[in-house]
Amino acid sequence: MTCKIIGCGGYLPPKVVSNDELAKFVDTNDEWIRTRTGISQRHIAGDTEYTSHIALKAAEKAIADADISVNEIDLIITCTTTPDNSFPSVATKLQSYLGLNNVPSFDLQAVCAGFVYGVQVANSLISSGKYKTILLIGAEKMTSLLDWEDRATCVLFGDGAGSVILQRSDDNSGIIDSNIFSSGADYEILYTNGGVSMNGSSGKIIMQGQKLFRLAVEKMHQSIEELLRNNNFTVNDIDYFIPHQANVRIINKLAELLNVEDHKVVKTVEKHANCSAASIPLALSTIKASGKIKKGDIILFSAIGAGLTWGSALLRW
């Protein structure tokens, strides 16, 4: 038994900050940002717009797209690094907003790899027969973790949410396989310099960009090659490759190593920057809304995040 995605939705806050606008208060410019990242703009949530609020907007769109009753949902997983509060979880607040009494809900924290981790967890839970319909969300207010004087990091991130509804598959569609990995020894490559038990603050993002670029390409490449090999697939079988939308240079280098044709690679980072765990479901929602995905298409997800955490998922639409 496996599960399949029956609906998806994305949400980006209305406030948009272009590279030119960013250059008014950060020592940078549009050409510098575009050349190094491929990003042209990012969306920024308002001061009173929290992760749970943007998660709700994406969840409502996914529920509508799946054409199900909200009461069919029997589990909620929210993948986030930027919860409203240290506790309770974003997922439990979302459960309340949706009016789902007693439905188990929890947050999953694997940073930018969170959605891929969530896919594996959701698939395992549905495959066990314990749950039938899972709401899986990636939602982030990454701008709350930015040092706006650090041009190496503040240009990279944005706020947003993406969501999917997963149900048991009774045919050959759905999650074919997935893999997830971690390497805690590499945590200093990307982290925040704060935390509740460390200093009582959320901290700001610290990143070793060159090391992260190299490891991102290396780890995702290895994960994908292993996943394809274990399931007797080749790159030529892939109809759409949806990688984590962190940086277009990472995406292009990974696609080059895999020898994936450019028209199969989904790139949305230009319009919303790195939304961490929300980036893959946002990209999926964008391409689904375009009408390009057909039943039977083979889709590949891959992501890497702080931790380090990384992994990939293969599915048949």
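Each residue, glycine too, has its Cβ placed from N, Cα and C.
Not measured: the values here are computed from a predicted model.
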Candidate ranges 15-19, 25-29, 245-249 [criterion: Swiss-Prot lists as region 'ACP-binding']: 245-249
Around the Cβ of N274 (active site), the count of other Cβ atoms that are within 10 Å: 24
Neighbour tally for H244 (active site), based on other Cβ positions within 10 Å of its Cβ: 29
Collapsed DSSP category at N274 (active site): strand
